[in-house]
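As annotated by TrEMBL, transmembrane segment applies to 12-30, 36-60, 80-102, 108-127, 134-156, 162-183.
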Amino acid sequence: MMFKQYLQVTKPGIIFGNLISVIGGFLLASKGSIDYPLFIYTLVGVSLVVASGCVFNNYIDRDIDRKMERTKNRVLVKGLISPGVSLVYATLLGIAGFMLLWFGANPLACWLGVMGFVVYVGVYSLYMKRHSVYGTLIGSLSGAAPPVIGYCAVTGDFDSGAAILLAIFSLWQMPHSYAIAIFRFKDYQAANIPVLPVVKGISVAKN
């Protein structure tokens, strides 16, 4: 039972979605010649970093999660894992993930993971999500990091291909996030989260 709770707090669905983009970036850079040990190190490393970020996000958002229908039954909201334990868990996941990326892939892949993690946890979750309509814009940078990590794990270089991947996925994150905000409009409104549909209206977000 406890295993299920520790798994749920990492948001497996988000991890899976990010891994799809990591695989895409990795295969694109591999050009048909796959280094399988590197592939495994990269996937596991990114999984652990994303899991860490999700646990930290659950810790930070536990007050507003109580107000939203979609999130009111999350593990930390229901007290199934204590806040202190979740912080230790998130920290250990992050350390393991960054070490795997650094030693199993390369330092660039690790630093890109750090960038995505800091943007998601430190900038988006801690501040922008609650205080700015531009939170989604900032958060899109973290969502665009996984495919670039996969790409750079192979190349070891942030070249034009990596830059294009970052731009494409950053731009894709915006309509994706706004669509979720429109679908869950009442939840975001109840939690007073200043996403564009709540602040400017659904019609503005659609346009």
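Glycine residues also receive a Cβ, built from the backbone N, Cα and C atoms like all the rest.
Unlike curated records, TrEMBL annotations are generated automatically.
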Item checked: Positions whose Cβ lies under 8 angstroms from the transmembrane segment (108-127), at least six residues beyond its ends -> 42, 45-46, 49, 52-53, 56-57, 60-61, 94, 97-98, 101-102, 135, 138-139, 141-146, 148-149, 152-153, 156-158
Next item on the list: For the transmembrane segment (36-60), find every same-chain residue at least 6 residues outside the stretch whose CB is under 8 Å from a CB in it, and list them.
Entry: 9-11, 14-15, 18-19, 22-23, 26, 74-76, 83, 86-87, 89-91, 93-94, 96-101, 104-105, 109-110, 113, 116-117, 120-121, 125-126, 142, 146, 149-150, 153-154
